[in-house]
Amino acid sequence: MTATATSARSDLSELGRSETALRTFLHGLPGVDQVGAEQRAAQLGTRSIKTTAKAQAIDLAIRMVDLTTLEGADTPGKVRALATKALRPDPADPSCPHVGAVCVYPAMVPYVAEVLRGSGVHLASVATAFPSGQAPLDVKLADTRAAVEAGADEIDMVINRGAFLAGRYQEVYDEIVATKEACGDAHLKVILETGELATYDNVRRASWLAMLAGGDFIKTSTGKVPVAATPPVTLVMLEAVRDFRAATGRQVGVKPAGGIKTTKDAIKYLVMVNETVGADWLDPDWFRFGASSLLNDLLMQRTKLTTGVYAGPDYFTLD
Amino acid sequence: MFEYAPAPESRSVVDIKPSYGLFVDGKFVDPVDGGSFKSINPASEEVLAEIAEAGSEDVDRAVRAARQAYEKVWGPMPGRDRAKYLFRIARLIQERSRELAVLESLDNGKPIKESRDVDLPLVAAHFFYYAGWADKLEHAGFGGNPRPLGVAAQVIPWNFPLLMLAWKIAPALAAGNTVVLKPAETTPLTALLFAEICQQADLPAGVVNIVTGAGDTGRALVEHPGVDKVAFTGSTEVGRAIARSVAGTRKKLTLELGGKAANIVFDDAPIDQAVEGIVNGIFFNQGHVCCAGSRLLVQESVADRVLESLKRRMAQLRVGDPLDKNTDIGAINSAEQLARIRELSDAGSAEGAERWSPPCELPDRGFWFAPTIFTGVTQAHRIAREEIFGPVLSVLTFRTPAEAVEKANNTPYGLSAGIWTDKGSRILWVADRLRAGVVWANTFNKFDPTSPFGGYKESGYGREGGRHGLEAYLNV
């Protein structure tokens, strides 16, 4: 078994050296049947998570939130407020955990860093000409380095979808490798923008490509195109990280982002993680939600579970 | 770890009476000789209700009531008026679906998520679908004025009690027949609740009659000289006996019997979805499915990979309380069936196949069997030939498409089959050569009222569902 695993590992590391090898490998992955994948995702969504399991899931989901603001209108004041909320999401309840990370544009990183320093909450920054990725490589890398220097310890990059859809896998691969290098010690999340990849076969291929190139996380979406994270897309990505670990021994995280707004949705994703990749991924180090309004719904449901009554929206902070 | 807390569906939505009579001529009546039996909850062995046992005199009363209703009311009634009743029944089933689903899970042992999400929606859909045909029979392709047959004797199994009732009653009534139906002795309760729904719908007396009992009641019903049509779903053994008893009479017969379906996975299959299909094929309804994909034929070049994924997936199956909304596999329907599953599984081990089940804790009371697969199975093993009717999968391998087809067809049965491949042309090539009534491609156990269902060879004859299903109840 060890011998097989080792040889598999060295085999995969060679793939990035040639366009042909990458293409052969990615197109040799088992296909995804659309109807079947959607049906499985829907089935997992029918699990009934109640009482103690729900309480456990809500706290875990809060710890997995990448509290995000990615607006042209973001200001130092706005992101400081968000970072403060990340530390203590429910000011009325000190037992409420802090979120996983705060995610902002590179220019906002210094202001967030001041607030988060030493707190254990990670600081993520989008980079590489987010959200389109349509900039020269050196600009994207400079963007990345600037974010890391300013204090980001996680970088959310976008892949070059144009190159991917045109079949130029090597180019996509090389960009991810270069960005990973520019990240230094920062963790690299690779945004596939699955809404633009359109098919589940593409999602599976892009997931493998990102992992082969060294991504620490694969992330569904920027939140800036009409179709963001969906349960079946996340399912296909979870299957990819599961199979990748089986083949290489390396564990990669998954981050669905965009459109996850309710506790009910978040719990469906946790059930999917639990039944697809198992407990190893049920941790903020390996699974995150890219979201903003989700947090208040989680807090509202958490309060409901502890007090038995729903508090009005004015009892939860708007930042 | 993320442990799911118990999420039981409330059983208080359904009111089970301590005892039930026979439903004859629109009323619940006591049997002539007063016999009765008990229906139990297979998940706990608790007695649910005392059920009247119909003797031959009771069957005779029911058949005469059905004849009377056929001649006086239902036969002469215009199709559009029959449709009105069927639509009304369909709507009542939807309205009372939660009640029916809970009762089905209590009496049968199947998980509530299946009775709620599969059985009940399909039951209502069948009534809606055939209600639509009632006034359009001249357009069904059987000539200008197709006539009903008269009184239909219908005997149904315990695996999908209410769904099999719908498959039998909906087309019969739409075509203008009246029915006497005998539900299985281990699962009579939803049929009796359906009788109440017929009353609620003001269905004319005698159009639907329900006689409860075991084999003797069924024999009295199918052998009754007053019936024009016999429809049976159940074992091939009983089906043969019925075919013999009906031979030489004017009765029209349809049989839907056993199966030993091949689920064929080619090396280019979408593996993750194929694994879901394999799991659904054999573990859906505890494998108590006549069209279950009980023989997995997997191409040798991907066998290890598929089996590894399958085992990992099986470890996620949640076996236990049928009323828990998170249960995937419920209870085996009866002690008798459990004994049969055990016997065949033991034969599998004794004949040298390798047995595997995920670690799983089974409840102390009730009838339970862990999801099980056998690898290293050959065509000569009993578990590859005989219908187990339980959560037991036999895994065989093949090398070429021709070999897959040969092995798939090498069974006396021919009810269903599955094909998993990304190649459209191969789906068509294989489907053309499979001798099975239903062939699913890249899916399994998909049912729809518009789609005909039925077997080749010893899996029976006649079709249920769709336009074809009407033929069984029309004089054509």
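Using the three backbone atoms N, Cα and C, a Cβ is placed for every residue, glycine included.
Around the Cβ of B:GLU256 (active site), a 10 Å sphere holds 28 further Cβ atoms from the protein chains shown. Taken from TrEMBL, the feature active site applies to B:GLU256.
Over the domain 'Aldehyde dehydrogenase' (B:33-476) the predicted model carries a mean pLDDT of 97. Annotation source TrEMBL lists domain 'Aldehyde dehydrogenase' at B:33-476.
In this structure, B:GLU256 (active site) is part of a beta strand by DSSP.
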